[in-house]
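According to Swiss-Prot, the protein has these features:
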- 859: active site (ACT_SITE)
- 902: active site (ACT_SITE)
- 69, 70, 71, 72, 73, 74, 75, 76: ATP binding site (BINDING)
- 370-496: domain 'DOD-type homing endonuclease' (DOMAIN)
- 773-952: domain 'Lon proteolytic' (DOMAIN)
- 971-998: region 'Disordered' (REGION)
- 1-131: topological domain 'Cytoplasmic' (TOPO_DOM)
- 177-998: topological domain 'Cytoplasmic' (TOPO_DOM)
- 132-152: transmembrane segment (TRANSMEM)
- 156-176: transmembrane segment (TRANSMEM)
């Protein structure tokens, strides 16, 4: 037996030694600079010869293709290569036109590539000509009216008639302008100047992006600080927009995406909620909150007395018609609608003309100044009986004078202490000021909503507040802090930055508000603000009043239907390639729609999401004659829509992507080309020397996991190329050398490899992995994490009297998968055969130590068998030996996958010997330094495993003799080798990591 081991090691070492000699790469070169890189992508595909031929045929015959295989094998590259092979002469532009007969069914027209732009430009030119005609017509009307007024010598009737004619002319020309703009078509798909057919990657696309969508009129949003008037179930409330929307979104109706911005909305269509607009209240449809990077244009026009903070595309009503907020200038006059600020049933206040008080009342500025004074030094008591103001004498006198102007004579008293104090108990004054939002003792400070209607009112409030530095000592800063934050935001509209600090003073808090200068020296102030959140409301009439300004909202749909149509990826891929990776992740509904598009070669565009304008807009069928290149893994086939797969299979090809290719000179030459391609594609790393390329090819041999093969998981291999290039750049080298590649292999370890190293280090530290001595029932198994990372997997077994008198059980713990559990049961057949006695008297417990994330596969079979036999026979197992291999019920050791990374894990754990299946002998690729650290023992039968693994003793010799006598051994060397999968892994031999959470 000892002689057999030595021969095996010699053969294995001899093969690896040959690998160290200068490798035949099929081409002579010093660096990859000398290697020509093909121009066409199809010629850059490495190792997938069958797939390449299929793609060439499919491109010529316009067939669909389904590519199935593991990640990183070139599926996307083949899709792009197909696009290069398609002719460009057949490319078309697609335009969408308005439909005069039905505006909700825009018309579709296709023209040869390049003509679409010319058609749109021609329509724009005609629209501009009509705009000039409009201007000349207006000029002519003004001239005629002016002449008529002049000839009539100022006759009032003529003047009135002239004004009427001018208004009619303005209305007619405005409508003409809208109609001419609405007639300009939209270019949906522009293929002008294309030198190759379209390639569209639709991986992970949502329904609107894949199939096309009819977008909402641009979401026109507010800052949220604006005031709106809401009527809910008959009760009228004045609320800050932000507060209203946030409360509604406590119960959201849904959410979606508008580009990179998340939209959350509440549906009010079935609720009795209305919003005030120019002509009274209108039904509220939706309240929306948009989360994401956005810009607000903030404008203050002191001359025209308005301000706003809106997204640039928000439409505002001006005296010249609708304008976007981004286009408003200082000359524009915005339409402001008077709002009732305060009204109640009080005869005394009505007698002196203070009720009803509207936003256009001239006295409101004086009242705002009173409020500012009161907010800085006064309040009304909780019982609403006394108004108290503590301030300077001059301020008190100004306050009293203004009150007398509004209310006439009233009773008050002034107390002179450290500060002058004014007190009044006049019920008219108190009721009036409370109704307008005056500060009340014990309640939170809130800026009066009507002060925010106009900049003139805010400045009047600020004049009364007057102090640019305020310090307040309070018990709870959260009560007054929002007031100062809101004040700071409105000061920001004027370009004034205010600082707010909260300091602890004993058991109280001091709020410090510092606004610096409060001077405003410009009449028109414009600022831009980057925000993360905006708000808007959608109403039935498409408009509302915000801070008294008449503005449009997102429900108006003022943009013509055809301009809101957005093409889907299926339309942009017309006459080209539509690539979808992981196609099974598409919903069945989307797969069904994709099937329809493939069959009909046309697909109408309609609303696909909550954020579209809905299904009322539906275009004529839009051409989408694409070639589908779908991709996925093996489980993709099960999850695909059966009809979609049938369509591809019936009208195209299904291709399985190879994961390895034979290790021939020709294929090595292809890998040399691959390295040169990766360097050229990256553009930031130097070329590789011949030695460096050899090391890359050795890594390809190792990663193949099969004797005489090279890996085709070239994305991962490309990662090694780039990592080595980065190292060479860091060192300032002209070329990448072998040392750089070796360093890259250490530095750019996969996550699984890093976890495996950490796992081994930790288990050794806590002595979970043992590498010395012998123990009964304990074996060091080997497993795989991910694709290429090995790990030592301790397995323990004990034998106990059966809990049931009827039968014994094999009890396995360690979160085993189905294949692993069945493999353990197979071990019992061998035990029963050699034991020669009824083992139903025993319960056999097998534990895979600390495998929290589970174990799958049958590569631990010989480890389990060894542990159980050791426990039954009470023979210790050597702890400096690790093993991997599948086991048949006849006692044959069958091949498994990943033997190289498993052996590397054993080396790192400090193990001296490793047992592997004989069939995997030539699958081992180790560097010379690693090979010196371990003895590799290939075996074919379970008795050979026990010969190596068990500690020498008389019981061991008797056991092995019994096994050889009872088991049907003596199989050929190649037995079972066909069970090794092409991708180098046993049937599920994998460990999805343990301890990642520990």
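Each position is counted from 1, following the chain as shown.
Placed from the backbone N, Cα and C atoms, the Cβ positions cover glycine too.
Since we're looking at a predicted model, the values are computed, not measured.
What Swiss-Prot annotates, mapped onto the structure for a quick look.
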residue : record           : DSSP (3 states)
69      : ATP binding site : coil
74      : ATP binding site : coil
859     : active site      : coil
902     : active site      : helix
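Model confidence over the domain 'DOD-type homing endonuclease' (370-496) is summarised by a mean pLDDT of 90. Those residues of the chain, other than 69, 70, 71, 72, 73, 74, 75, 76, with a C-beta within 8 angstroms of the mean position of the ATP site C-beta atoms are 67, 631, 657, 713, 715. Minimal Cβ crowding within 10 Å, among the binding-site residues 69, 71, 72, 74, is found at 71. Long-range Cβ contacts of residue 76 (ATP binding site) within its own chain (separation 6+, distance under 8 Å): 201, 579, 581, 631. In this structure, 75 is the one among the recorded positions 75, 902 with the smallest number of other Cβ atoms inside 10 Å of its Cβ.
Distance noted between the C-alpha atoms of residue 74 (ATP binding site) and residue 902 (active site) is 27 Å.
Its own atom aside, the Cβ of residue 70 (ATP binding site) has 16 Cβ atoms within 10 angstroms in the protein chains shown. Most Cβ neighbours within 10 Å among the recorded positions 73, 859: this distinction goes to 859. Residues of the domain 'DOD-type homing endonuclease' (370-496) grouped by DSSP class, helix first, strand second and coil last, total 64 helix, 24 strand, 39 coil. For the pair residue 70 (ATP binding site) and residue 902 (active site), the Cα-Cα distance reads 21 Å. A Cα-Cα distance of 11 Å separates residue 902 (active site) from residue 859 (active site).
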